[in-house]
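Take a look at the structure below.
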Amino acid sequence: MEQYEKVEKIGEGTYGVVYKALDKATNETIALKKIRLEQEDEGVPSTAIREISLLKEMNHGNIVRLHDVVHSEKRIYLVFEYLDLDLKKFMDSCPEFAKNPTLIKSYLYQILHGVAYCHSHRVLHRDLKPQNLLIDRRTNALKLADFGLARAFGIPVRTFTHEVVTLWYRAPEILLGARQYSTPVDVWSVGCIFAEMVNQKPLFPGDSEIDELFKIFRILGTPNEQSWPGVSCLPDFKTAFPRWQAQDLATVVPNLDPAGLDLLSKMLRYEPSKRITARQALEHEYFKDLEVVQ
């Protein structure tokens, strides 16, 4: 750790404190993420070290670069490139963003690019949300942070500061207790983020797992064996769920054009195997007039 000098604490993420720091060898500003481990008495699990080491190989313009992993007996520090703006902060400080369909399209394209790259390397995110989509102010490049950390460390129910980890972007198969799930969970999250960029408010802001499910059901309709074959076999599915009818997405996201609505509906498909993939989404007609904003 002698190589890195902490400058200031910049935030508290899902896994621990994040510092702005200086790499004394290169004089570069970096982000230092201190991972707080659940079973601290047992030290750093070797599986976590292996998982994280694989992430150093990930190299893509829309992924936050992991430069280094430093671990001692009890804790692990991840050294990332430093970016001080995230999509949540940007949306909060810039409400007129919703009136810029070109920038929304560019950001969505970049998110999907990063997700498709990770999925092609068999890495899932599982916790995509506006707070871990970082923006480079100089280039307008958008980069995904924290990819792969869920597999290495699990997703806690609460952060170490006891904030509840958000459920707003969580796919219905996870909420319904599916043991096996895969890359479609990230596409669902991206769909939720897409709608939020357009509406300037979250699509499904649930405050508990059941509230989250019901917020989804009220808009997309309560799933059944017709709309989602196999749903009734998921551990937390109840036949007693209230039965809501699906709303027309055009009334839910009124400022989105028909191509955007078509893409959004394909990202928010209930049946995971029928959900569009990130790679397919990049080819969607919504992006045909895309100019990546530089």
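Quick reminder: no glycine exception, Cβ is built from N, Cα and C everywhere.
Annotated features, as they stand in Swiss-Prot:
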- 4-287: domain 'Protein kinase' (DOMAIN)
- Ile10, Gly11, Glu12, Gly13, Thr14, Tyr15, Gly16, Val17, Val18, Lys33: ATP binding site (BINDING)
- Thr14: phosphothreonine (MOD_RES)
- Tyr15: phosphotyrosine (MOD_RES)
- Asp127: active site, proton acceptor (ACT_SITE)
- Thr161: phosphothreonine (MOD_RES)
So among the recorded positions Glu12, Asp127, who's got the most Cβ atoms within 10 Å? Asp127
Among Glu12, Thr14, Tyr15, Gly16, which are recorded as recorded positions, the nearest neighbour of Asp127 (active site, proton acceptor) by Cα: Thr14
How many other Cβ atoms are found within 10 Å of the Cβ atom of Val18 (ATP binding site), counting all protein chains shown? 19
For the residue listed as 'active site, proton acceptor', which of the three DSSP-derived states applies: helix, strand, or coil? coil
By a three-class reduction of DSSP, Glu12 (ATP binding site) is assigned strand
Setting Ile10, Gly11, Glu12, Gly13, Thr14, Tyr15, Gly16, Val17, Val18, Lys33 aside, what same-chain residues sit with their Cβ within 8 Å of the center of the Cβ atoms that define the ATP site, listed in sequence order? Lys34
Would you count the other C-beta atoms found within 10 angstroms of the C-beta of Thr14 (ATP binding site) for me? 23
